[in-house]
Amino acid sequence: MPKTETYPRLLADIGGTNARFGLEVAPRQIECIEVLRCEDFESLSDAVRFYLSKCKESLKLHPIYGSFAVATPIMGDFVQMTNNHWTFSIETTRQCLTLKKLLVINDFVAQAYAISAMQENDLAQIGGIKCEINAPKAILGPGTGLGVSTLIQNSDGSLKVLPGEGGHVSFAPFDDLEILVWQYARSKFNHVSAERFLSGSGLVLIYEALSKRKGLEKVAKLSKAELTPQIISERALNGDYPICRLTLDTFCSMLGTLAADVALTLGARGGVYLCGGIIPRFIDYFKTSPFRARFETKGRMGAFLASIPVHVVLKKTPGLDGAGIALENYLLHDKI
């Protein structure tokens with residue numbers, strides 16, 4: 001049973017761009033959700049204190065338990081964010097916020113925990129048949145960066161989450177077009193990881209590479225001020241700019257390749273789950289995009305992959321949900 005005396009619990013989902021905060025006031029009941037921009041605050045503690053001051057009227061009790069999901073590897077007490085300027089000590093932050101316990105986990109560990117509690121209407125299935133019970137589930141998702149993790153649900157109902165940094169594996173181009181895109185990225189970076197393309201900034205990078213492709217010199221292009229992931233996606237869906245549509249098609253194809261690689265590596269017959277804020281913005285297009293065809297284009301393993309369902313996570317706050325579930329597991333079993 002949940003330990004009711006531990007509520008409210010302070011939850012956070014901290015990415016490269018935004019930090020989401022919430023108060024879990026009862027099991028799976030999160031209130032006072034706020035989204036803050038990381039760049040607006042000198043430190044994580046400053047952002048938390050600002051958030052708590054905004055929620056002061058809703059707070060009957062000061063939280064003494066916290067669970068933060070952060071978009072970076074957790075390797076001890078010192079945490080350095082991968083895609084923003086925040087660094088912090090877990091213990092110093094706990095003391096600063098007067099918490100009895102502060103659990104800090106990787107953001108895609110939180111995503112995996114959240115998936116364990118999702119309902120059918122929280123997900124949109126893209127192909128495949130059905131998930132195999134108790135088989136590994138692969139979780140990945142493009143946002144500011146690219147996260148990857150694994151969820152294993154044992155026969156007794158217990159959960160095991162394996163964190164990873166699969167977004168930083170080396171990118172492998174599939175065809176001549178992707179070789180061109182890779183070569184452009186290689187001219188800019190020493191290591192061309194999957195995250196270089198499968199992220200918000202990756203959409204821009206793909207667009208830049210394609211705009212230099214022979215034969216596209218005279219195609220209508222975006223101005224420098226318009227080069228944002230949001231505008232590229234909007235123009236692609238509107239059909240005004242063929243190069244934007246090609247960019248989005250290429251992005252989805254690349255994601256299909258990586259998702260298949262992860263599924264094969266893990267034997268993810270429990271399904272593949274795509275998280276992050278990018279894909280839900282164009283979910284209708286994504287359903288008919290090149291993603292699924294590319295996912296199954298793996299030669300002799302095509303039939304193996306064809307049966308694996310891919311789900312797009314539609315739920316708005318899975319990071320907060322997962323942080324809460326991880327904390328509950330810790331309080332019940334003293335482990336995550």
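Glycine residues also receive a Cβ, built from the backbone N, Cα and C atoms like all the rest.
All TrEMBL annotations are machine predictions without curation.
Pulled from TrEMBL, these are the features on record:
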- Ala12, Asp13, Ile14, Gly15, Gly16, Thr17: ATP binding site (BINDING)
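Location within the structure of each feature annotated in TrEMBL.
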{"residue": "Ala12", "record": "ATP binding site", "contacts (Cβ under 8 Å, 6+ apart)": "Ala19, Arg20, Phe21, Gly22, Val48, Gly66, Ser67, Phe68, Ala69, Val70, Leu320, Ala323"}
{"residue": "Asp13", "record": "ATP binding site", "contacts (Cβ under 8 Å, 6+ apart)": "Ala19, Arg20, Phe68, Ala69, Asp107, Ala110, Thr317, Gly319, Leu320, Gly322, Ala323"}
{"residue": "Ile14", "record": "ATP binding site", "contacts (Cβ under 8 Å, 6+ apart)": "Arg20, Cys38, Leu44, Phe68, Ala69, Val70, Ala71, Met81, Trp86, Asp107"}
{"residue": "Gly15", "record": "ATP binding site", "contacts (Cβ under 8 Å, 6+ apart)": "Cys38, Ala71, Asn83, Asp107, Gly143, Thr144, Gly145, Gly319"}
{"residue": "Gly16", "record": "ATP binding site", "contacts (Cβ under 8 Å, 6+ apart)": "Cys38, Ala71, Met81, Thr82, Asn83, Asn84, Gly143, Thr144, Gly145"}
{"residue": "Thr17", "record": "ATP binding site", "contacts (Cβ under 8 Å, 6+ apart)": "Arg37, Cys38, Glu39, Asn83, Asn84, Gly143, Thr144"}
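A Cβ within 8 Å of the Cβ centre of Ala12, Asp13, Ile14, Gly15, Gly16, Thr17, the residues given for ATP, is found for these other residues of the same chain: Asn18, Ala19, Arg20, Cys38, Ala69, Val70, Ala71, Asn84, Asp107, Thr144, Gly319.
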